[in-house]
Structures are given as structure tokens and as C-alpha cells.
Amino acid sequence: MDGGNQSEGSEFLLLGMSESPEQQRILFWMFLSMYLVTVVGNVLIILAISSDSRLHTPVYFFLANLSFTDLFFVTNTIPKMLVNLQSHNKAISYAGCLTQLYFLVSLVALDNLILAVMAYDRYVAICCPLHYTTAMSPKLCILLLSLCWVLSVLYGLIHTLLMTRVTFCGSRKIHYIFCEMYVLLRMACSNIQINHTVLIATGCFIFLIPFGFVIISYVLIIRAILRIPSVSKKYKAFSTCASHLGAVSLFYGTLCMVYLKPLHTYSVKDSVATVMYAVVTPMMNPFIYSLRNKDMHGALGRLLDKHFKRLT
């Protein structure tokens with residue numbers, strides 16, 4: 001398995017962050033705990049929003065979809081990683097690796113685009129409150145979400161198809177927790193210039209443009225908030241954006257730690273940074289969006305109260 005060219009029938013070895021059995025046991029329980037917290041947190045957000053008519057608004061519509069994306073994202077990577085940590089067989093098939101890569105790339109892009117749309121929603125709510133209902137109509141919300149999905153699916157498809165033309169030689173040991181694009185490209189022994197060029201071009205379109213849009217939106221939002229004469233209204237306006245700003249900072253901060261570096265400098269140490277955006281960010285989002293949100297507190301309280309009453 002260590003020599004020759006990559007074929008569809010061959011495999012990769014996902015070695016994870018450590019090959020020490022003792023450390024692997026610790027990592028297993030740590031990632032299992034994080035996975036369960038992520039699943040429970042995001043499922044509760046989705047159920048609370050879908051079951052409470054008071055939360056059937058654009059901002060919560062996009063939040064529910066962000067939670068669904070995060071739920072799908074961790075399920076794409078962590079279960080396989082947990083199996084590998086408990087098993088002596090750490091192999092993942094070529095097809096399995098490409099499938100994992102496709103969903104990973106697509107869902108990161110989708111997360112990014114939904115955060116950009118949520119920034120636009122906050123901009124309209126703060127800067128144009130009188131036009132909010134018409135500017136963020138249900139039809140437009142569905143259209144924006146559909147556009148996010150289409151662009152993300154195409155983005156993932158482009159990079160996965162390009163990866164199929166890459167040849168891998170020598171060791172196929174991946175010192176990572178999942179099949180990550182930069183790691184696979186580093187293992188290639190064929191020309192990856194096209195992959196690299198397309199990665200930069202599509203990355204600018206899918207990530208940099210939405211990120212710039214988020215920055216501009218928040219500059220305008222902060223300007224609008226500073227013009228509000230009442231201190232209490234200023235605080236209320238800022239608090240409605242604080243959770244989204246926290247999620248944006250966590251997402252882009254962890255993403256920059258991994259991807260804002262030359263391809264040839266990618267190292268095993270980057271696996272820790274990858275865990276931040278692949279595991280920690282989806283786990284933290286439910287806490288960020290519900291911690292200081294009274295509407296979400298109320299919806300979660302009513303949801304849990306209703307289910308506890310059914311049990312008693």
C-alpha cells in the first residue's frame with residue numbers, strides 16, 4: 001500500500017493526530033464528547049426554531065440552516081475518526097476519501113455563504129428597519145439559501161473532480177483526522193498546477209468576496225449603531241449582532257489559521273488548527289447564538305418543558 005500510483009481500488013491511512021495508543025484513547029473520549037455536544041446543541045437549535053412560530057423570521061431561518069450545515073459537517077468527519085481511533089484498521093478507501101473531501105469542501109463553503117447572508121440580514125435589520133419585512137421576504141430568503149446551496153455544491157464538485165486526476169505515489173499515510181484537500185495535494189506526485197490555480201480562483205469567489213461583504217456590512221452596521229442617540233437602544237442594536245459577529249470571528253479566524261499559508265509549508269501541526277474549524281466551531285455555534293439571546297432561551301425552555309411534560 002505504500003508504493004505505486006493511486007488507483008480507485010487503493011486506500012489511504014488516516015493516522016490522526018497521534019499514533020500513541022494512550023493518546024488515542026484520550027482523543028477518542030474527547031472527540032466523542034465534542035461530537036455529542038455538537039449534535040445535541042445543533043439539533044436543539046433546529047427543533048426550537050421549527051417548533052416556535054415566534055422564531056419564524058429570516059434571521060432564525062438562516063440560523064436553523066447554519067445548525068443543519070454544522071450538524072452535517074461534523075457527521076461527515078468525526079464518526080469515521082472515532083472508528084479509526086478505536087480500531088487497528090485506519091484505512092479509508094479512495095472513493096471514501098473523495099466522498100469525505102467533497103462534503104467537507106462543500107459544507108465549509110456553505111457555512112461561509114450562510115454567514116454572509118446572515119450579515120446582510122443584520123445590515124437590513126439595523127440600517128433599514130422600516131424596509132426589513134419587504135427586503136427580507138420569505139421568497140428572497142429561500143432564493144438566497146438556494147443560491148448558497150448551488151454555489152457550495154458546485155464548489156465541492158469542481159475540487160473533487162479535479163482531485164480525481166491527481167496521481168499519488170509513495171506513502172499514503174495521512175497524519176490528519178480526515179481527508180483534507182491541502183494534505184492530499186501535498187501527497188501528489190503529478191502536476192497539481194491546475195488544482196492550485198482553481199483553488200485560488202474559486203476560493204477568492206466563494207470565501208474572499210463573502211468575507212469582504214461581511215466586513216462592509218458590519219462597518220455600515222457599526223456606523224448606524226453609533227448614530228443612535230439612546231444608550232439603551234445602542235446596546236440592544238449591538239447585542240442583536242454580537243452573536244453573529246462572534247460566530248463569524250470564530251469561523252474565519254480558525255479558517256485563516258489553516259489556509260492562509262503556502263501549500264508547501266503545510267505540516268502535521270496544522271491538524272490542531274483544523275480541529276478548531278472542523279470540530280470546535282460547529283460545537284460552539286449553538287452556545288454563541290443562544291447564550292445571550294432571550295428569544296432563543298424562551299424557545300428552548302418551551303421546547304424542553306413540553307417534552308418533559310410528555311415524559312411525566
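Glycine too: its Cβ is placed from the backbone N, Cα and C atoms.
Residues or ranges marked as topological domain 'Extracellular' in Swiss-Prot: 1-25 (among others).
Annotated N-linked glycosylation site per Swiss-Prot: ASN5 (among others), in sequence order.
Among the features that Swiss-Prot reports, transmembrane segment is placed at 26-49 (among others).
If you look at the topological domain 'Cytoplasmic' (50-57), the same-chain residues 6 or more away from its ends with a CB under 8 A from one of its CBs are 64, 295-296, 298-299, 302-303, 306. Sequence annotations record features per position, and here Swiss-Prot assigns topological domain 'Cytoplasmic' to 50-57 (among others).
The transmembrane segment feature in Swiss-Prot is assigned to 58-79 (among others).
Distant neighbours of the topological domain 'Extracellular' (80-100): 1, 6-16, 24-25, 27-28, 31-32, 35, 160, 163-164, 177-179, 184; these residues of the same chain sit at least 6 beyond its ends, with a Cβ under 8 Å from one of its Cβ atoms. The topological domain 'Extracellular' annotation in Swiss-Prot covers 80-100 (among others).
According to Swiss-Prot, the disulfide bond annotation covers CYS97-CYS189. Around the Cβ of CYS189 (disulfide bond), the number of neighbouring Cβ atoms within 10 Å comes to 12. In this structure, CYS189 (disulfide bond) belongs to neither helix nor strand by DSSP; it is coil.
Residues 59, 62-63, 65-66, 69-70, 72-73, 76-77, 144-145, 147-149, 151-153, 155-157, 159-160, 163, 178-181, 184, 206-207, 210-211, 213-214, 217-218, 244, 247-248, 251, 255, 277-278 of the same chain lie 6+ residues outside the transmembrane segment (101-120) yet bring a C-beta within less than 8 angstroms of a C-beta in it. According to Swiss-Prot, the transmembrane segment annotation covers 101-120 (among others).
Under the heading topological domain 'Cytoplasmic', Swiss-Prot lists 121-139 (among others). Within the model, the topological domain 'Cytoplasmic' (121-139) carries an average pLDDT of 92.
The transmembrane segment annotation in Swiss-Prot covers 140-158 (among others). Sequence-distant contacts of the transmembrane segment (140-158) (same chain, six or more residues past either end, CB-CB distance under 8 Å): 58, 61-62, 65, 102-103, 105-107, 109-110, 113-114, 117, 120, 198, 202, 206.
Under the heading topological domain 'Extracellular', Swiss-Prot lists 159-196 (among others), citing sequence analysis as support.
Less than 8 angstroms from the CB of ASN195 (N-linked glycosylation site) sit HIS159, LEU162, MET163, VAL166, LEU185, each of them six or more residues away in the same chain. Residues or ranges marked as N-linked glycosylation site by Swiss-Prot: ASN195 (among others).
Here Swiss-Prot flags 197-219 (among others) as transmembrane segment.
Summarising the annotation, Swiss-Prot assigns topological domain 'Cytoplasmic' to 220-236 (among others). Panel annotation: around the topological domain 'Cytoplasmic' (220-236), residues 122-123, 126-127 of the same chain, lying at least six beyond its termini, place a Cβ under 8 Å from a Cβ of the stretch.
Sequence annotations record features per position, and here Swiss-Prot assigns transmembrane segment to 237-259 (among others).
If you look up Swiss-Prot, you'll see 260-271 (among others) marked as topological domain 'Extracellular'.
In the three-state DSSP assignment, the secondary structure recorded for ASN195 (N-linked glycosylation site) is helix. With a cut-off of 8 Å between Cβ atoms, the residues of this chain six or more beyond the topological domain 'Cytoplasmic' (292-312) that come close are 44-45, 47-49, 51-52, 54-55, 60, 239, 242-243. Using DSSP to sort the residues of the topological domain 'Extracellular' (80-100) gives these counts of helix, strand and coil: 14 helix, 3 strand, 4 coil. For CYS97 (disulfide bond), the same-chain residues 6+ apart in sequence whose C-beta sits under 8 angstroms from its C-beta are PHE12, CYS179, LEU184.
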